[in-house]
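Chemist: Below is a structure I'd like to ask you about.
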């Protein structure tokens, strides 16, 4: 037997299995930490992977629900645990995801108590040649947020995307994406606006680009982002570039972060294909 993929949500796994059954392909689900989908007839692997890519691109397509109705599995018979809010947060987020979220919250509280300027003197991108060897500054600008909406928006996306990467690909992969995107998006942004900027959005855009393209090119990675969300990200970049909402946005960081994420996903998916 060959394991095709794993789903965090058992209902999503059942929908894919039901659809493949209507196509004459029998898959089975084994429940461990996630719902693992297995194929008995390995000669059909390429066909199943191609269908999986289409499924991940639009899992809400009516044909998948229709397949579940046809197979009589709209109620999969699985019993789901009910999680309180914080338990649900823990379920998706790994240690690196949590450490970053806590660090951002601590820095945000410090900025409210001490003032933005005081904290930026310690964490901002090097604003003087004498500070260029304070290497933490090339990364800690990502920890600073200047409003409640700013930090909530970024941490929500960080938890959603970063948590998925960490759970599926490991803490090391999330750390690498975070460090590279923080460094390069910060470098580009300081060329646009100088050193006085902050926020996790460059890293968030890198994760958006990475999760979307890695899911498109390597469905077996187990991560994906709906195309509508990546389109939203592009619209947001355009809106920020033309100042359509009258908001101060780190446009350089957004563009650089997205480019970094796409580039890393392309390389990783290429390497994954070579290993097959």
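Just so you know, glycine gets a Cβ as well, placed from its N, Cα and C.
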Chemist: If Swiss-Prot is the reference, give me the range from 73-93, 94-114 marked as transmembrane segment.
Modeler: 94-114
Chemist: Cβ pairs under 8 Å only, please: of the recorded stretches 94-114, 192-212, 250-270, which one is richest in them relative to the transmembrane segment (142-162)?
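Modeler: So the stretch in question is 192-212.
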Chemist: Based on DSSP, name the secondary structure state of residue 201 (active site, nucleophile): helix, strand or coil.
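Modeler: DSSP assigns residue 201 (active site, nucleophile) to helix.
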Chemist: With every protein chain in view, how many other Cβ atoms are within 10 Å of the Cβ of residue 254 (active site)?
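Modeler: Step by step: centre on the Cβ of residue 254 (active site), count other Cβ atoms within 10 Å, giving 26.
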Chemist: As a test: from 94-114, 169-189, 192-212, pick the stretch that has the greatest number of Cβ pairs under 8 Å with the transmembrane segment (250-270).
Modeler: 192-212
Chemist: Can you give me the Cα-Cα distance between residue 254 (active site) and residue 201 (active site, nucleophile) in Å, rounded to a whole number?
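Modeler: So the Cα of residue 201 (active site, nucleophile) lies 6 Å away from that of residue 254 (active site).
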